[in-house]
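Record features, source TrEMBL:
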DOMAIN    A:7-294  domain 'FAD/NAD(P)-binding'
BINDING   A:35, A:43, A:48, A:88, A:123, A:289, A:330  FAD binding site
């Protein structure tokens, strides 16, 4: 198991998380940055690296990807460390007020404070609105993603959805499962044309059942899923015995595990005190798009401001007896860490 | 001086509420709906990434065709109808005047 020790653990390597490393560095606080994505930059790298941003002070326009590169250069003097491609799952507060964080891959991070800079959160499977669906999660027959295809060996499967992942998994699992039924509310598939073609061929060959213009509307079972109801757009219903049901309706940003950390939330965001962007849990701060407060604006430049104030709060949390005096980089340059 | 635009939200069958918005602020229909306190999360802020501003256009002027990104997102949602759109992808312009829409159930 990896174990890392730092002053501030920043969750989220987007622009705001990265800039927080700089502001922390000015106060001689060390940072470790964790992100579920395999690269730094958050949305800027993942979603719009080639898009220009026009509201970064001092830059009439800058490509999102260039802003990330610049931020990485700016924080280099402070030698931040990174854990990328892992999601922070849970935390424990230790007796001395410091924290222990655990990632999805078993990395353990000891830190004096936590700064959540998680942006939109993490992209997680969208769940269809079907009553009782959650009762069959965690291995009881409903799966929102395919982690290990072998789970479905020789099973009777119903897959729902019309996008690429629904098509791809239908094709793949046709060879693994005993029976695959693909349920799609439309009559055509927008996914990659050759995938749609392959599904059609598998259907013609009798290897896949295709139920179009229909939705899965009910799930049944006693502890373990054993059937689903499929309702056609004309209102007719049919019950189908199944071992597993895999709804594949794309991904949507969610708070993720942070939702269960006991922090005060509002509208899917973490409530903070704008004095220092502290959350309801002393020692845990939240900055950038993931937080909310009266007048909140989801702008990168606001996140930068929040990062600066957050670091003052983190410094005070770590050093309750020291009085910090703000120094200007124009006076002192950038300190070394 | 640009004109305000009027759109109608069907809150229940047969029950429409008129909302008025400016056309000179570069707003999206999603932003207008949110400003009128409709329960829309719009988690992604208007990038066609989350699908939580899903509406159904019921009547009114013809709109520009949805982009590939918008269609791909709509296609992935559990519920979709003929008039499905992501309201964040629709600019508020004079051409929208008289549009009738309803909010689609939000799935998260």
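Counting begins at 1 with the first residue displayed.
Cβ coordinates come from backbone N, Cα and C, glycine included.
A TrEMBL annotation is a machine prediction, not a hand-curated record.
Features as recorded by TrEMBL, highlighted on the structure.
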{"residue": "A:35", "record": "FAD binding site", "CB count, 10 Å": "29"}
{"residue": "A:43", "record": "FAD binding site", "CB count, 10 Å": "21"}
{"residue": "A:48", "record": "FAD binding site", "CB count, 10 Å": "14"}
{"residue": "A:88", "record": "FAD binding site", "CB count, 10 Å": "26"}
{"residue": "A:123", "record": "FAD binding site", "CB count, 10 Å": "18"}
{"residue": "A:289", "record": "FAD binding site", "CB count, 10 Å": "28"}
{"residue": "A:330", "record": "FAD binding site", "CB count, 10 Å": "6"}
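If you compare every pair of Cα atoms in A:35, A:43, A:48, A:88, A:123, A:289, A:330, the residues listed for FAD, the longest distance is 40 angstrom. DSSP assigns residue A:289 (FAD binding site) to a helix in the three-state reduction.
In the three-state DSSP reading, residue A:330 (FAD binding site) counts as helix.
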